[in-house]
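Shown next, in structure tokens, is the structure this report addresses.
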Amino acid sequence: MSGYKLGVEVVSAHDLVAKDGQGSSNSFVELHFDNQRFRTTTKEKDLNPVWNESFYFNISDPNNLSNLPLEAYVYNYHKENNSRTCLGKVRLTGTSFVPHSDAVVLHYPLEKRSIFSRAKGELGLKVFVTNDPSIRTSNPLPAMESSLHTDLGSTYAQIPNSVPNSFPKEKSDKRHTFRHLPNASHSQEKQNVPQVPPQQQMNYGAHEMKSEPQPPKVVQMFSGPSSQPPDYSVKETSPFLGGGRIVGGRVIRGDRPTSTYDLVEQMRYLFVRVVKARDLPSKDVTGSLDPFVEVKVGNYKGITKHYEKKQNPEWNEVFAFSRDTQQSSVLEVVLKDKDLVSDGFVGIVRFDLHEVPTRVPPDSPLAPEWYRLEDKKGEKKKGELMLAVWYGTQADEAFSDAWHSDAIAPGDSTSIASTYIRSKVYHSPRLWYVRVTVIEAQDLLPADKNRFPEAYVKVQIGSQMLKTKPVQSRNLNPVWKEEFMFVASEPFEDHLIFSVEDRVGPNKDETIGKAVIPLNTVDRRADDRNIRTRWYNLEKSLSDAMDGDHSKKDKFHSRLHVCVCLDGGYHVLDESTQYSSDLRPTAKQLWKSSIGVLELGILNVDGLHPMKTREGKGTSDTYCVAKYGQKWVRTRTIVNSLNPKYNEQYTWEVYDPATVLTVGVFDNCQIGGSSGNRDLTVGKVRIRISTLETGRVYTHSYPLLVLHPSGVKKMGALHLAIRFTYTSMLNMMFQYSKPLLPKMHYKRPLSVIQQDMLRHQAVNIVAARLGRAEPPLRREVVEYMSDANAHLWSMRRSKANFLRLTSVFSGFLAVGKWFGEVCMWKNPVTTVLVHILFVMLVCFPELILPTVFLYMFLIGLWNYRYRPRYPPHMDTRLSCADTVTPDELDEEFETFPASKSSDLVRLRYDRLRSVAGRIQTVVGDIATQGERLQALLSWRDPRATTIYLIFCLVAAIVLYVTPFQVLALIAGFYAMRHPRFRHKTPALPINFFRRLPARTDSML
């Protein structure tokens, strides 16, 4: 036998005939050469299969090679009746065989097997002759089993691995005879096949078979931009809250009595109210006393402030000790004398904690009582303390103002920055838009009498300042007529200041006069009615302008004509409209009644990432902030805990369902060291009210995801309980028919630049006002909750928005692809049904709209079973946070203006130019298509316009004499014509349109 072998690589096929009745085929290739036959695996439901499989034939007589043809048959396999249908064949003569070094992949057109058969498409083969002794001939295909092979192999591959011996042994052996070499690389051509064990031969190349079982992949089941790692997904929980256990959004009542705080776990506290003292003894040599009280339970201590030289002090402070951490059954209230060296003992009051009463709201507060002080031996002493001691929960009125034991470490004798750790409720200031129109000035008096002033007006409210354009007037009465918008907050502390300036030279201005208007004297309006304009005298100095009586003494003044009003018909945007928490106008007379109530229970945080190091251990001092509407809430700070439990419940009135609740977690920088004196962000959660079902309790664990310069990181998981209830179903539905923003936003809309500028000013005002509260809500917290920097450039956000846009149009592209397959007759049954439906709609056009709406109705009903069960949350895949590069992150966290090196800024600028260049090209292409449409009638191309006019005339005549339904049928059948009547070249109208001129040749 000769050592020469014929190698055949079956690469792929293209555009095969559909034979399975569903627009596809189960195709395989059978090779015939020199009385030897080999077969590839079956590719199910694929008209463009890819095999990449290699076979080697033994050449019996190399001298007769030119007379030995190679035949490749492409078959479709029918599982139902275990038969096959020929899709086409390729026949190669021996004269076309070349050595392996000269062989390339060629795509041969498929030929008909007989005169009555049908064939189309191409088959890619690589055929060569080799005499490599290390290559063994492939095992031939038995002739008697040729029709059973594919079905047996496919059936065997579908059996799970848990039952490998389900088939009889003889069938398993037959399955082993069909082996081939996958063409993963050229080096595999030299593998010795017979040396492979039988069990390995069966699995060899199994990755090429579609019927082979594969391990389950979640990504394949939930593919798309919204899929993300399970660790970053929202998880439903079933906690036992005050109202009972939550299971699937329903409350299962338990044996415990229900509480008013039914969305949080009940936490029991020992409350101690230290009111005042009287008749205290003298301790110093001078006969004075500096008293303070120390409240002690086990290892936890709370200390009141001390008073100097006061015998009857009043504190009225409340201490709350968590019952879960109590290590003693005795409460000690010790009165001490403050001293520089050592605090002196005055007296003590002891309580047995087993005898302490329990108070359950709405019971009235427990009345405090006078208690005689005792010495360390238990004997009565001079002096009395007024105290109140009781057990309660976080529903107690004293909870928010109390000093909490979980705010300090055990054994610590002082509270750590107690004013910065308490839970508080804040209200944003009421914001107004101030509309200022600078009309003209009269009788200006410049310092230089020999020149006409180049005057402009500078308008200022607090840190906001805008200028008019410089105007040079020859009659000293310049006219501007420019309008500006500012943001102001109640109570109005800043004045509106006008300063008329004269531009004497470059970067040199002189003040002509000033005018000051108190904002509380400005007219207010809730609509677009006209406001009366006023003239104001200009003074030389700001102090004179603020002195109202001084202006009446002078006889002559320069004057400024302005129109100022407070626009209450707008909603002052301090958040993005995409996730705003309040959409009501400023004017309260325009407010509507609330549509429901939103209740939020902040339960706990699990698995916090350490934010600081204390005593050699990583720890965190975290608190939560929730914002909805003008109401901000802040939980107490839990110190030294990576799994803090808050269990605080808050309520808001809801006025619009298209609003968003934002909950953020922060690390307190005022405790145990700071990081640049800024509270660190741990993460935030957004909940859109319209996505919540009414009455259902949503208990979920939300991952706290933060984007760091090193990438996206999970900082922990925030557990929330949320419930939304509406007061009227009709009122709720009616909200969807109303404008999203107040009417003034549509009657006198603000430009995009104005909105961005005013939003920035509004955030600054809110941050400044809340930063003055006690405890302060810091600026970085307000900016993070309001997304103040969302408008800055980010390559990651740009990619994410582009992918969102492509996802929106993917549905239309899918419909277009489906219609293209209909037109190409991929599935003849579907194409025929579409033809029938098209004829019905053309003959009965009144059925078009009912059919469309009925179809959408049925789709909506079908999608109801797949409706989202969890509230939406931050999606790392949608945000492109999982694929962002370090350089893009470094650019996103760059300050504004840039502070990096000039080379790095130049590199990023060049990258931005390349992105902008692509956008420029797309915009230019769109403009080109529009200009070609204009060129149809512009006679820019006389011949093209002449052809189009003749076509229009003929079309008008044809359309006039031909019924529209006939034309529609002809056009529809032409669009869906069979592929035999199609050509690969573009159609005539497209060729004509692409030849039309555009204005690109006039571009520089």
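FYI, residue positions are counted from 1 along the chain as it appears here.
Every residue gets a Cβ built from N, Cα and C, even glycine.
Sequence annotations record features per position, and here TrEMBL assigns domain 'C2' to 1-108 (among others). With helix defined as DSSP H, G or I and strand as E or B, the domain 'C2' (1-108) counts 12 helix, 55 strand, 41 coil.
According to DSSP, the secondary structure content of the domain 'C2' (251-371) in residues is 6 helix, 53 strand, 62 coil. According to TrEMBL, the feature domain 'C2' maps to 251-371 (among others).
Per TrEMBL, domain 'C2' is recorded for 410-536 (among others).
Marked as domain 'C2' by TrEMBL: 579-702 (among others).
For 207-238, the entry in TrEMBL reads region 'Disordered'.
Taken from TrEMBL, the feature transmembrane segment covers 832-864 (among others).
Annotation source TrEMBL lists transmembrane segment at 947-976 (among others).
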Using Cβ atoms and a strict cutoff of less than 8 Å, what residues sit near the transmembrane segment (832-864) while being 6 or more residues removed from its termini?
822, 965, 968-969, 972-973, 976
PLDDT averaged over the residues of the domain 'C2' (1-108):
87
Tertiary contacts of the transmembrane segment (947-976), defined by C-beta under 8 angstroms and 6+ residue spacing from its ends, are 822-823, 831, 834-835, 838-839, 842-843, 845, 936-937, 992
Per-state residue totals over the domain 'C2' (579-702) - DSSP helix, strand, coil:
7 helix, 65 strand, 52 coil
Per DSSP, how many helix, strand and coil residues does the domain 'C2' (410-536) have?
6 helix, 69 strand, 52 coil
